[in-house]
């Protein structure tokens, strides 16, 4: 079966039905040869077995060489110069080659023209003038999140942006004060929600509604909808992750959003593990607001400037009469310098006139150096589409799942359980593997020793994410051979 046929089956909801020879290097390489976006791997610098051992800077970066055997079955490859297997893009994405070019351009601009970089477009630079950089990143992100550029803003970092938007969208009163969230959110989200409730003078024990899984680690859509119904009249905000960081579950964003909004609930989404991973249509789904980081699947680097979405109806700036003399009407928010309309920003009048759209929710001048890395990372996405990336990811993840199931079948007594949903439509590229108690540290060490990077979450979960921008089917197959060795098979 062709790669295209696998994609069509998975998109239609049918099982992939891998052939008997699927657990072979030849089969994996045959899928890679049909991959229309395989060239995008060359846009990235991937750690090598040698570079993973570095503990001091020496002015070098990992070389781009063809992968050898990664130590599979003891065969001789090119040793420590082999590219590693980077399956940890759900924690920190690989470095795009363009980042160095974009950051160097930024540094040269700063050195050459100083403060004039705010207003000067430099020829031969991949970057726009500094004051337009956040807007330029928004323009590059329309396909990424399914929104108009005016609904997107790059500012702050993820938790800061959650606070900024909850300050505007979480407006509790005596009737509606609850926030519906998942049972085990990423701690930062829990802290943000809890502290917002306290900030409004309320008791988190009374105002936080946590949705428990039906069983195991997965929360069904029906459970979410039932929770909404049970608390509809007292809920001010629903804030869930697009993809749950631990299990890898992809929530049914359009259905849940529509259901909550029909009951008068404001809906926000944390898309840290969804943006750059799955197809999103935030505008069409009528989401009120959303936030995402850019250091995971978007590959902009650790702590890079984050993104946010505000639906166009919430970003309106309206005037009842003469726009030059009357104060505008707009959604309340925590205001700051860079949220002001740049047409009047430098008038230095202490009358806040917000920029229409999501950009009006900015507070401070965003870091031009950070935005250089974000712009570089987004330039890679502009060479493909989220549909192409999602199509490849569906097969990559299904192939990994198939080979993992074979390992357990061969072992007799399973070494692990896949806690990520089995339905490809309900997951992203991540598979979360719950290992038998006590296996995690030893397996993680064996994987890294063989040039494999993936994420471990105590006490017993290994999160594996073959990111379609730079991961190959061959990488999936090689990973499984190394894992088999680590398990003693």
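Backbone N, Cα and C atoms are what each Cβ position is placed from, and that goes for glycine too.
Sequence annotations record features per position, and here TrEMBL assigns domain 'Aminotransferase class V' to 122-303.
Remark: residue 270 (pyridoxal 5'-phosphate binding site) has 158, 162, 185, 186, 189, 239, 240, 241, 242, 290, 291, 292 as non-local neighbours, by Cβ distance under 8 Å and separation of at least 6 in sequence. Feature annotation from TrEMBL assigns pyridoxal 5'-phosphate binding site to 158, 159, 186, 187, 188, 189, 270, 273, 295, 337, 365.
Marked as N6-(pyridoxal phosphate)lysine by TrEMBL: 296. Listed in sequence order, the residues of the same chain lying 6 or more apart from residue 296 (N6-(pyridoxal phosphate)lysine) and placing their CB within less than 8 Å of its CB are 89, 90, 91, 92, 93, 272, 273, 276, 277.
In sequence order, 337, 338 are the residues near residue 365 (pyridoxal 5'-phosphate binding site), counting only same-chain partners six or more apart with C-beta under 8 A. The secondary structure of residue 158 (pyridoxal 5'-phosphate binding site), as reduced to three states from DSSP, is helical. In the structure shown, the C-beta of 295 has more C-beta neighbours within 10 angstroms than that of any other entry among the binding-site residues 186, 295.
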